[in-house]
């Protein structure tokens with residue numbers, strides 16, 4: 001039972017929830033049943049069929065509707081006397097500014113992507129509102145508390161960047177199945193069904209690249225009277241046969257690599273395939289276009305079955321035929337499609353294409369189920385984990401409202417027990433003085449100022465790495481770039497012109513030693529970037545042609561290492577409140593236990609099916625700092 005003080009804090013609190021998915025549904029229910037009476041929810045997503053196995057507030061009849069609104073309506077049915085307001089919108093929209101955040105007593109995150117998490121973190125810092133962050137992946141999960149000036153912010157520790165692969169590896173020398181998936185999804189699928197005007201050359205680099213580019217344009221252009229199967233075989237022979245032949249012509253490439261095998265349709269498929277159109281049975285009007293499948297007509301039922309080369313080839317041709325036969329009849333037409341992990345036909349096509357390419361390069365094949373996980377960055381959600389994490393969020397939120405700072409905990413949910421515990425609570429960290437978000441530490445950017453344009457700096461660094469939505473860039477007193485609705489046409493034209501100029505040729509040239517001020521007025525965030533000119537970059541290790549650095553984990557205390565990624569250093573763990581020892585007493589995990597759990601808690605922070613990163617309790621500072 002909650003104490004009188006807790007009940008008073010709960011009833012008088014105004015709470016903002018961001019995210020109404022896997023964690024969000026559990027969280028909203030728990031908040032309502034715990035006595036919270038003023039709850040606001042922001043979520044931009046609509047309900048999909050794949051959500052229904054874990055997001056229990058939704059039903060099939062809700063597919064296509066706003067998650068935030070449906071969740072609100074569902075909870076009000078059993079708690080009709082509380083105030084719940086829903087916003088079907090992106091939390092990064094201008095209306096959700098610092099003043100909007102200031103009206104809340106605490107913000108609770110149940111998001112599924114790094115970009116939105118960083119944005120909410122910055123708004124909470126600017127508004128001086130406590131943030132309770134969370135994430136789950138499978139059986140793993142975590143809850144952390146972030147209080148301005150008292151605990152570290154969400155960005156005080158580095159987050160793993162999404163994995164990228166050099167184009168040359170993807171197009172010419174794949175060695176892993178994920179390389180084949182990226183090729184099939186981002187190159188072949190986009191070339192066939194996406195924007196025809198995009199720069200997407202599927203030919204490998206050959207001695208006659210000019211002619212091969214022309215050949216590519218001719219091959220992928222389908223004439224109106226061309227038979228779909230004939231067109232599919234032409235594409236098949238080109239990407240799995242002719243392109244591989246062209247790659248093999250460069251002997252230098254294969255001196256120390258395994259040579260790929262060209263594959264042609266005539267060697268794998270019969271001369272004439274049975275004219276099938278797949279299956280569209282049991283498809284509703286709402287999601288029928290996403291449920292079209294090539295598998296039923298080919299007698300394939302189990303998505304976890306490993307298809308051979310012939311089966312993958314049949315799926316490839318059949319899926320391509322269905323795209324042209326069915327998708328022209330739906331609202332999203334050929335030429336405007338993008339890969340969607342919930343689009344059954346798209347997943348089948350990408351799986352088949354990736355497996356055929358993997359066969360050519362001697363890479364082990366994968367099932368549809370495995371390939372979908374790789375293509376969609378999926379770690380399948382566990383409803384129980386979401387429920388546990390939602391409960392922990394509410395526990396920490398109550399502590400925040402009561403201002404019990406000394407009782408705040410970062411709690412990790414483990415897959416296997418440690419000291420008979422599945423929940424690992426540890427004390428929060430102090431703010432990282434080297435964090436560019438909640439401190440004033442400058443960043444260092446190594447870049448070729450003569451070959452890189454301002455657009456490269458804006459797109460690759462300011463927006464992608466620093467996560468700024470409405471950036472403003474100044475060099476000294478010169479304003480080089482700005483985004484906003486209040487700009488006149490002349491200013492917009494000037495800034496657009498600057499984007500296409502090399503850094504060293506800007507009105508206020510950016511050279512070695514230049515110091516840039518980068519701001520985001522919406523997030524009320526400002527940081528300094530020290531520019532260091534560098535001529536060359538490693539294409540494999542530094543494909544972006546620039547390197548941003550300058551903030552590191554917290555300095556060591558008492559001479560100890562500030563951060564560790566090995567198992568040799570023990571990790572302090574706060575005793576569970578259910579244990580016999582006082583909460584303030586620490587326990588140490590043995591080296592063996594640390595080793596066993598290191599992999600469990602690494603790189604996990606998705607509330608849903610999308611892979612995200614969770615801070616690894618085995619890799620954070622071994623010296624836990626008690627927050628006073």
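Including glycine, each Cβ sits where the backbone N, Cα and C put it.
The domain 'THIF-type NAD/FAD binding fold' feature in TrEMBL is assigned to 4-408.
The ATP binding site feature in TrEMBL is assigned to 19-24, 43, 51-54, 67, 112-117. The Cβ of residue 53 (ATP binding site) has 11 neighbouring Cβ atoms from other residues within 10 Å, across all protein chains displayed.
Positions annotated as Zn(2+) binding site by TrEMBL: 153, 156, 435, 438. Non-local contacts of residue 153 (Zn(2+) binding site) by the CB criterion (under 8 A, 6+ apart in sequence, same chain) comprise 121, 125, 146, 431, 432, 435, 437, 438.
What TrEMBL records for 168 is active site, glycyl thioester intermediate.
If you look up TrEMBL, you'll see 200-224 (among others) marked as region 'Disordered'.
The compositional bias 'Polar residues' feature in TrEMBL is assigned to 200-213 (among others).
As annotated by TrEMBL, domain 'Ubiquitin-activating enzyme SCCH' applies to 319-372.
Per TrEMBL, the feature domain 'Ubiquitin/SUMO-activating enzyme ubiquitin-like' maps to 445-537.
Look at TrEMBL and you will find 535-628 (among others) tagged as region 'Disordered'.
Among the features that TrEMBL reports, compositional bias 'Polar residues' is placed at 551-581 (among others).
Under the heading compositional bias 'Basic and acidic residues', TrEMBL lists 589-602.
The feature compositional bias 'Acidic residues' is assigned by TrEMBL to 603-613.
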Please report how many Å separate the Cα atom of residue 19 (ATP binding site) from that of residue 156 (Zn(2+) binding site), as a whole number.
22
Count, for each of the recorded positions 156, 168, 435, 438, the other C-beta atoms lying within 10 angstroms of its own C-beta, and report the residue with the smallest count.
168
Going by DSSP assignments with H, G and I as helix and E and B as strand, what are the residue counts for the domain 'Ubiquitin-activating enzyme SCCH' (319-372)?
33 helix, 0 strand, 21 coil
Measure from the CA atom of residue 156 (Zn(2+) binding site) to the CA atom of residue 22 (ATP binding site) and give the result in Å, rounded to a whole number.
26
Nearest to residue 156 (Zn(2+) binding site) in three-dimensional space, by Cα, is which of the binding-site residues 43, 53, 112?
112
Using DSSP, break the domain 'Ubiquitin/SUMO-activating enzyme ubiquitin-like' (445-537) down into helix, strand and coil residues and give each count.
26 helix, 30 strand, 37 coil
I need the CA-to-CA distance for residue 168 (active site, glycyl thioester intermediate) versus residue 115 (ATP binding site), whole Å please.
28
